[in-house]
């Protein structure tokens, strides 16, 4: 699985996930800096108020 891993509005970068991971994720939340976007491998548990999108194809989380 290959997932995007850049933060917020940085230029796109990708990583090859280890351990047979089959999901990519995108988390979004707001703070004093504005909208923060985090991308990576897996499908993490998030706190209330954080939007989470998990997907199962290469580079699906951009």
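Cβ atoms are placed via backbone N, Cα and C, with glycine included.
Of the given residue ranges 1-20, 21-40, Swiss-Prot assigns the label region 'Disordered' to 1-20. The Cα atom of residue 54 (disulfide bond) lies nearest to that of 24, taking the disulfide-bonded residues 3, 24, 41, 60 as the candidates. The list of residues near the region 'Disordered' (1-20) in space but at least 6 beyond its ends in sequence, with Cβ under 8 angstroms from a Cβ of it, reads 26, 35-42, 58-62.
Only 24, of the disulfide-bonded residues 24, 43, 55, 60, have a C-alpha within 10 angstroms of the C-alpha of residue 17 (disulfide bond).
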